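Comments concern the structure below.
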Amino acid sequence: MEAEQSSSPPPPSAGDDCLVFKVNGERFEVPAIDPSTTLLEFLRSKTRFKSVKLGCGEDSNFVMFFECEVLDMAADVDDMQNLLIDCMLTFEALYFSYSLYILKLDIFSINGCSVTTSEGLGNSKDGFHPIHQRFAGFHASQCGFCTPGMCMSLFSALANAEKTNQPQASPGFSKLTVSEAEKAIAGNLCRCTGYRPIADACKSFAADVDMEDLGINSFWNKGDKKEVHPRAFNVQKNNSGFIRNSASLGGNLVMAQRKYFPSDIVTLLLAVGSSVSILTGHKHETITMEEFLSRPPLEPKDVLLSVHFHEPTRIDGSVHTNSKLFFDTYRAAPRPLGNALPYLNAAFLADISCDRNGSLVNNIRLAFGAYGTKHATRARKVEEYLTGKILSLRVLDEAIKLVKGAVVSEEGTSYAAYRSSLAVGFLFEFLNSFSLLCCSSEELSGSVLEGTAKSINDKISQTGRPPLLSSAKQVIQSSRDYYPVGEPMPKFGAAIQASGEAMYVDDIPSPPNCLHGAFICSTRPVARVKSISFKSNQPTDVISVKDIPREGENIGCMAMFGSEPLFADDLTRFAGDLIGFVVAESQKNANLAAKTALVEYDTEGLDPPILTVEEAVERSSFFDVPPYLYPQQVGDFSKGMAEADHKILSAKIKLGSQYYFYMETQTALAIPDEDNCMVVYSSIQCPEFAHRVIARCLGVPDHNVRVLTRRVGGGFGGKALKQCRVGFKSNGKITALHLDILINAGVTADISPIMPSNMIGALKKYNWGALSFDIKVCKTNHSSKSAMRAPGEVQGSFIPEAIIEHVASVLSMEVDSVRNRNLHTYESLKLFYGSASGESIEFTLPSIWDKVGQSSSFDERIAMPLGKVSVLWDGSIVVEVGGIELGQGLWTKVKQVTAYALSSIQCDGIEDLVEKVRVVQTDTLSLVQGGFTAGSTTSESSCEAVRLCCNILVERLAPLKEKLQEEMGSVKWDVLILQFHVTEVKSVFTKKDIRPRNIITENIETEVCSWSIFFVGREHHISTVCSMFLFEQLEMFESTLQKHNLAAHSFFVPDSSSTKYLNYGAAVSEVEVNILSGETRILRTDIVYDCGQSMNPAVDLGQIEGAFVQGLGFFMLEEYQTNSDGLVIADGTWTYKIPTIDTIPKQFNVEVLNSGHHQKRVLSSKASVHCATRAAIKEARKQLKSWGAWDATDPTFQLDVPATMPVVKQLCGLNTVETYLQSLLSKS
C-alpha cells in the first residue's frame, strides 16, 4: 500500500472507501490499509516525517513521548478547526489536560483531519519556529531524541493559552504562565539534560517570566528587560476555540472494569456517587459505579453509553440543611504529577455540620483504589462508623483501625503494608482537615493537630499551583583567550534535533523487501533449550546459533576484557540470554512473534544458577582483575585501628543496578552490498567494536564490513555489596577503614575489572587515615553489567557518605562535623593519590567547599535541624520552624521547648515566658503534611532545632545577666532583653568615642519611652531607656542596629562533597519528606564544580545537571527489579521510573568554576539528596521515639538505594498516625 499525495487541496472526502487527511500540509489519500495500522506506524513508514518517535513500545500504556497537532479538515481546507493533542509517555485519568495517545490510535481516527508534527512547525528549509530556536539557544537539547516531543508539548500549551481570556502579552511572549509552561512538559521524559534548560526554554515564552530566573542562553543576558527579545512567534492560525481530547473517559472506565486498570478517575467517581448507562445486547440499563465495577467484565460488543454524576448539595441520607460538603482526592505515586501508576489513590466526600461539641459527620463516602485489588472499593464499615459521630481523638483512632482492615491488598501485591499505611495517612489528613472548622480560636490551641487550620486556610486561598521549579541559577566562567573555544555556544545540530529533522538509525527509510527482527530471550538462567514454537504469529524465519556461517563465530559483542556470545549455545547462561532472532515483514509482526514464542526448557542434571554475590563467594566464582588495575592500599590499617577510640567491626552497604533507559533503544539497519559486503547503520558508542564483531560473526574480512553511526539518542550497572570495618576517634576523625567489596559482574567480565580502581579512586575523597580493602569481581548467572555513566565512581562516592553517617550516628555528632573533620589536606591528598594530586595550587576543594556554603547561604542555614528563634525588643519571642502538619501539638511543643530552653537564663518573671512565644511558619511552600528536614521536619526535630537556637541566645545573654545580677540582685526577662539592646548601642558609642547626651543609667526602671530616629529617608522605632538625646554619625548607628540582634538560626542541610580524578565538586541539598506517604521533594540543590578549563561552559553545565539528575534517579527513584530467576522485570515506562521535571530540585543552582587546570572532570554530587533524605528520616525517627515507638530507636539505620517512597515510609514508620494518636490519648 502506498499513500497517494497531491499538492492541490481537493475536497476533504474522496469517497467512502478512501481515507483523506493531511500531514504538515501534504494531502494523503489512502484507498486501502490494514485496520490495525496506527497513526505512528503510518507517519514513520509512509511519510518523510520522522520527528514522531516510538519509545518503549509497551502495549499496555500510551507510550509516545512526542506530540502532534490534529486539525479537522472543513469544507474549506484553509478553515480548519483545532484539535490539539499532547501524546504523553504515560496517561493517568486525573491528568486530563489534552493528554492522550493519538499515535496509538488506528489510522481511521484521523480521517478528514490535518496532522502537524514538529517538522511542520518549522524546519531548516523554511525557517525554524521560535520554539526550536529557544530549545537550541537555551542548550535544552543534548542527545535530541526527545526534543521534538518537548517542542510539540510546548506548542500545544502556547496555542491553548492564546485561546484564553487573559490579557494580550508583550510582543514575543504569550499568555502562558510560568507554571503552565513548566507543566507543559511534565509528561515528557529526558535522560540527558536534567530538565532545567528545557524548563527555561519553555518559561521564556511566559508572560510572567522573571528574566533573571532564566539560565544560560543565547538570547538574553542577565539584566536585560523583557523588551529585548528575538522575533515573535505566531500561533494565530491555530487559535480556534474547540479543543477535543481523544482520550475518553469511557475508555478509561472500561479499562478499569475489564482489565483491572488502576484508574484514578474511577476512584473519584466512586466517591461522588456516579452511575453509568450501558448497552448489553439489546438491554439498556443504568447502574451505580459500584455495580458496574463488580459485574463480570464487559463483552467486546457491550457499549458504555454515558456516565452520570452531579455536584450534590449534600450527600444522600443527610438530614442537616446547614451542613457543608468537603471533598478531596489523594494519590501517592513515584511522580507527583501522576505520570506513574499510584501505590494508592483515594477520594473522600463528607457532609459535615458544626455541633456544639465539635464537627459532626452527617454522612461520608470513602473510596480507595489501586492498592492491589481488581477494582476501587468503598470503605463501608468506616463510613458507617463515622456517620453520626463527633470527631475526637478516640473517633479518629477507631476509624484508623477500621480503615486498616478495609484496605487490604491481595496476596502477592508489592508493598502491601505500605499501601495500607497510605490509606491511614490519607484518611487522617482528610478527617483532620475539617475537625478544626467548628473550633473557636481559643479552642483551636487544644485541637487534634496544631497547624492544620493554617494549612487549610492556605489551601483555600491558593488560586493556582506554584510552578514546578521555583528558581534556578547557573554561573559559568568563560574565557575569550582562545575564542571561540571557551564560549558558551549552543550545541551544533540542536535546531534540527528540535525540528525533528535530525536522522537517527530508525529514521532511515528501509530498503525494499526489508525484513525486521526481534530477539527471543530466555526466561530461565541455566537451562537447555529443547524447542521454540509458535501457536500463531508465525514469523518468516527464526535465526539461532545454528545459523551462524561455518566460517564465522558465535560472537555478539566485544569489551576490553573479552567477548560475549551472540546466542546461547548448549545452555542459557542467564535469564534474558538470547536464544533466537525472529524475522518478519514488519517490526510489529516480529515483536509479536518474539513475545508469543513458546520455549521449552530442560534443567535436569544442571547445577543451580549463581544469583547472588554471596553464592559466588561460596562457589569461588570470580573474574580476575589485572594487577595494573587493582588499586593500592593506603597506610597501615592495623596501626590506624589501634589508634582508634571507637570501632565499627562490621557494617553492610548494598547497592543495586541502574537501567540505561536511553530514549533511543538499541537499533541497527544492515544492508547487504556487492561483493559479499555489509553496510550497517548502528546506534552504538563503539562502532569499531561493532565492526570487528560483525566481521568475525559472518566470517568475512574486516574490509567487507562498514558500520555507520551518525548520532545516538542517548548512550550512557551497579553491582556491589560492601562490608566495612572502621576505626575512629571520639571527635569524629577516622583513623582506619577496611572494605570488603563484592561486585556482581554478571555472566561475562565486560568492563567490570575496572570497577575496583574506579570505586577506590572515588572513595579516597576523604582522609581515612589508613585504607585497606579486598575487592572481588563475582561471576553470576545474571546479564552482564556494563558501564553506566561514571561506572564505579557513583558507587564509590556513596560508600564514604554512608560510612561518615554511620560514624556520626555512633558518636551522636552532626554529620557535617564528621565530614569536615575528615576532609583532605593537601598533605593527606598526596598520601592517598600520590603524584596524581598535582601541585598544591590545583587543590581547589577547600575553596569549593567554602563557595558552595556561601552560594547556598550555608552559614545562615547550617546549624543542625530546622528553626529560628528571635527575641524582640519588648522580650517577645518569634519562632520559625519548618515542619510537618501533623498536629497543633507541634506548635505547642515548640513553644514549650522555647520557654524551657530560654528559662535556663534564670531570670525573674520567666514563669509566663511561654505566653511570649509566637510560632510562625517560615515558608509555606515547604510545608507539607508529614514533611521534615531541610525545610520541614517532625515535631521532635523542630523542637531540637529551637532548643539549639535558644542555647545560642542564652550564651549571648549570660554575661550581661551576670553583670546585672551583681549590680541589681535580680533581673527580669523584659529588663534583660531591653538592657541587652541598650548595652549593645552604648558599647558602640564607647568604642567609637560617640557620646549620647543625657542617657539614663542610674535607675534602669525610671523611664521607658518610645522614640524615633530619622535618617536616609527611613524611620526606625527603638524601645529603650533614655531621655531624648542627639546622636552623631547616624549612618554608623544604623549599621550597628542591623548587626546586633537576638536572633539565632538552626537549619540542617545535608551536603556531600565529591571529587573525581582529583577534580573537585560539592553539593548541598534540602529534602522534604512527607512521613504520611514517604514522598520526598527536593527543595533545593546547590552545586559548585571545578571543571578546569572549560571548552564550552554551557555544554559542561548541561552535563553536570544531567549527571546529577541521572544520579538522582539511581539513588531515589529507579528500582532495578528482577524475579527469582534474575530476569529483569522493570525495564519500561510502566514499571521503571526515571526522573521527570516534577522530581528534580525545585531550586537548582549550579556554578561551574574555571580553575585553569586541564584534567578531565566527572561529577558525582548526586548522593547529597540521599544523604539529606537520610537526615530527614533520622529526625522522623526521633519524633517516633518521643511518641513511644521503640522500633525507631536505632540511629544507625540503613537507607536503601533507591530510597523510594515505600522505603522511606518504612523507615519513618508505617504506623506513624497510630503512634501519634496513641501518644495523645495516653496524655488525655
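Glycine is treated like the rest: Cβ placed from N, Cα and C.
Some features that TrEMBL has for this protein:
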type: BINDING; residues: Ser248, Leu249, Gly250, Gly251, Asn252, Asp264, Leu304, Arg331; note: FAD binding site
type: DOMAIN; residues: 328-434; note: domain 'CO dehydrogenase flavoprotein C-terminal'
type: DOMAIN; residues: 499-605; note: domain 'Aldehyde oxidase/xanthine dehydrogenase a/b hammerhead'
type: BINDING; residues: Gln685, Phe716, Arg789, Gly935; note: Mo-molybdopterin binding site
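Between the CA atoms of Gln685 (Mo-molybdopterin binding site) and Leu304 (FAD binding site) there is a gap of 50 Å. Sequence-distant neighbours of Leu304 (FAD binding site) (same chain, 6+ residues apart, CB-CB distance under 8 A): Gly250, Leu253, Val254, Val276, Ser277, Ile278, Leu298. Looking only at the binding-site residues Ser248, Asn252, Gln685, the densest Cβ neighbourhood within 10 Å occurs at Asn252. Cβ neighbours within 10 Å of Gly250 (FAD binding site), excluding its own Cβ and spanning all shown chains: 13. Cβ neighbour count for Asp264 (FAD binding site) (all protein chains, 10 Å cutoff from its Cβ): 25. Other Cβ atoms within 10 Å of the Cβ of Leu249 (FAD binding site) number 17 in total over all chains. The Cβ of Gly251 (FAD binding site) has 16 neighbouring Cβ atoms from other residues within 10 Å, across all protein chains displayed.
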